[in-house]
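Undergrad: Before I ask anything, let me first share the structure, which is written out below as C-alpha cells.
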C-alpha cells in the first residue's frame with residue numbers, strides 16, 4: 001500500500017501505482033473534474049503519471065497559479081493542432097508559456113495574416129468543443145525522432161539534437177497532432193475554453209537575426225470567462241495608453257529609421273525630461289551626492305581592464321581613430337572609478353557618492369527595440385557609492401529610503417524587491433560572490449523589506465537588488481537597482497588609506513532609481529495615460545482668451561504664473577473658445593484657463609481641470625492652490 005499525504009496533513013492509502021487523477025476521484029467527483037495536474041514531492045506531474053512510492057501530493061486545479069500556466073501551455077499545443085489542420089505544410093517550432101499567456105513559433109512558406117489568425121482561433125474553438133482527451137505517452141527517443149521525421153518537423157528534430165540523451169520523452173497527443181514537452185499538460189481540452197489569440201509577430205529562430213524569420217502567434221488563457229474578459233479589457237486600456245501612440249499625440253518625441261533606438265525629443269518632451277532630471281538632481285544633492293561627468297568614448301584597453309570587453313563586447317559600439325580602437329560606453333561605472341582614483345583617498349572621504357546623468361549606448365538587436373522601453377542610446381540616473389564594508393548597510397538603508405520616497409512622488413506606491421544572484425558568466429571568485437550576496441541580504445534585512453531571490457540574474461560583476469514598481473494597469477516594471485561590487489575596485493586598482501595608514505579596497509555600490517530616463521518616461525506616460533500630475537506636466541496650464549479684448553490680460557496672467565515658477569502657455573488664436581478648449585484637451589494639460597471680459601475686470605481666471613469646470617477664481621488664490629498641490633505631491637504624498 002502507498003501512503004499519500006495531502007496538503008491538510010491527512011494520509012490516504014492506495015494500491016500501487018496510483019495517479020493524481022485517481023487520488024482526486026477518490027476524494028470527490030467535483031475535484032476529479034477540476035484536476036489539471038499534480039505536485040508530487042514538490043515536482044509538477046501530469047494527472048496520469050503513476051506514483052509508485054509514499055509521497056506528498058497536492059492536486060492542481062485552475063484555481064492554482066500552476067494550473068493557469070499548465071492551461072496556457074496546453075493552449076500553445078492546441079495552436080499547433082489547429083495550425084497543422086489548416087496549414088499542413090507549416091513547421092512547428094516551440095510554444096512556451098510567458099507572463100499572462102503563451103506563444104508558438106511557426107515556420108511557414110508565407111507570413112500569416114490577421115485573417116489566418118482568426119481562422120486558427122476559430123479552429124481551436126471547434127477542437128475544444130470536441131472535448132477530447134490529451135494523451136501523454138512516454139516515447140523512446142529513437143521513436144520520437146522517427147515520428148517527427150515522418151511528419152517533416154525539422155525544427156523538432158533540431159531541438160531533440162540539442163537535448164541531453166534520455167531514454168524516453170513525453171509526447172502529448174491531441175488526436176492526430178503530436179508534440180513533445182516536459183509537461184505537464186491538461187488531461188482534456190475542456191480546460192482550454194477561456195482563451196484568446198492576441199497578436200502576430202515575427203521572431204528569429206533561436207533569437208538570432210542571422211537565422212530564418214518565424215511567425216509567432218501570441219495568446220492568453222485563463223481559468224474563467226470573467227478573468228479572460230478582464231484581461232482583454234486591461235490590454236485594450238494598455239493599447240490606449242501606449243507611450244508610442246501618446247508620445248505622438250502629445251507631441252513629446254518621435255523615432256525614425258535613420259537613428260534606430262535613438263530618440264528625437266520635441267520641446268514638450270524635453271521639458272518633461274528636464275523636470276525629471278532637475279527634480280532628481282535636487283534630491284541627489286540633498287542626499288549628499290556629488291554630480292560628475294565622464295567621457296562617452298574610451299580606449300578598448302580600458303574596457304578590457306574593467307572586464308566589460310570580455311563580458312559585454314557584443315553589446316558595445318566600437319570606433320577607431322589614429323590607429324587606436326575605442327568603445328562607446330555602455331555603462332558609467334568604470335569612469336567613476338577613475339574619478340575616485342584621481343587623488344589619494346582617505347577613510348575620512350568615505351562614503352563618497354558620485355552621481356551622473358550618464359549617456360550610454362548599447363548595441364541592442366534591432367528586433368528588440370521598442371519605443372522608449374528598449375533603446376540603443378539612453379541616459380541613466382547613475383551613481384556609485386565608494387564605502388567601507390562597515391558602511392554597506394547604512395548606505396543601502398539610506399538609498400532604499402530615498403528610492404521609495406521618489407517613487408511615491410512619481411505616483412508609484414506598490415514596490416516589490418528582488419535579489420538577483422550570481423550569473424553563470426561572471427567576474428570574481430565564489431568567495432567574493434558569497435560575501436557580496438550576503439552583504440545585500442543583510443542590507444535588505446536592515447531595510448525591513450521582504451524580497452524574493454532570482455538565481456542567475458545578477459550582473460557579471462556583482463549581485464543586485466532590483467526594485468519593481470506596479471503601474472495603474474497592475475503591470476510590474478523593474479526600474480531601480482542596487483548592486484554590490486567587490487570586483488571592479490580590484491580590477492581598476494581603487495584604494496584608500498585606512499585609519500591605520502594601510503591601503504584597502506573600497507566597496508563599490510552601483511545604484512540607480514529611475515534606471516534609463518527614456519524607459520522611465522515611457523512608463524510614466526503609460527501609468528498616467530499622458531495626464532501627468534501638475535508638478536510633472538511639461539505644460540502645466542494653457543491660458544485662452546475668448547476675444548482679442550482679453551489678449552493683454554492673458555499675457556499678464558501668463559507672466560504672473562511663469563514668475564511663480566509654473567510652465568504656462570498662451571493660446572491667443574482667433575478661434576472660438578469651444579474649439580480651443582477641445583483642441584488643447586488632446587494635450588492633457590492639467591489646467592485650462594479661460595479669460596473673458598468678466599475675468600479681466602475682476603482680476604480672476606475661469607479654471608478647468610481636465611473636464612471639470614472649477615469656476616472663476618482669484619488669480620492669487622489660484623496660484624496658492626497650485627503651489628499647495630505641488631507641495632502635497634512632492635512633500636506630503
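Backbone N, Cα and C atoms are what each Cβ position is placed from, and that goes for glycine too.
Quick paste of what Swiss-Prot says about this protein:
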BINDING   333, 384, 510  Zn(2+) binding site
DOMAIN    1-61  domain 'TGS'
REGION    242-533  region 'Catalytic'
Undergrad: In the domain 'TGS' (1-61), how many residues does DSSP put in helix, strand and coil?
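TA: So the domain 'TGS' (1-61) is made up of 14 helix, 26 strand, 21 coil.
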Undergrad: Which residues of the same chain, at least 6 positions away in sequence, have a Cβ lying under 8 Å from the Cβ of residue 384 (Zn(2+) binding site)?
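TA: In sequence order, the residues whose Cβ lies under 8 Å from that of residue 384 (Zn(2+) binding site) (at least 6 apart) are 332, 333, 336, 337, 353, 354, 508, 509, 510, 511.
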Undergrad: Using the Cβ centroid of 333, 384, 510 as the reference point for the Zn(2+) site, which residues of the same chain not in that list have Cβ within 8 Å?
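TA: So the additional residues around the site are 331, 332, 336, 337, 382, 383, 483, 485, 488, 508, 509, 511.
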Undergrad: Work through the binding-site residues one by one (333, 510) and point out the residue whose CB has the fewest other CB atoms within 10 angstroms.
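TA: Among the binding-site residues 333, 510, the sparsest Cβ neighbourhood within 10 Å belongs to 510.
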Undergrad: Just to confirm my parser: what is the rounded mean pLDDT across the region 'Catalytic' (242-533)?
TA: 93
Undergrad: Does DSSP give residue 510 (Zn(2+) binding site) helix, strand or coil?
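TA: It is in a strand.
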Undergrad: Hey, does DSSP put residue 384 (Zn(2+) binding site) in a helix, a strand, or just coil?
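TA: For residue 384 (Zn(2+) binding site) - judged by DSSP and reduced to three states - the answer is strand.
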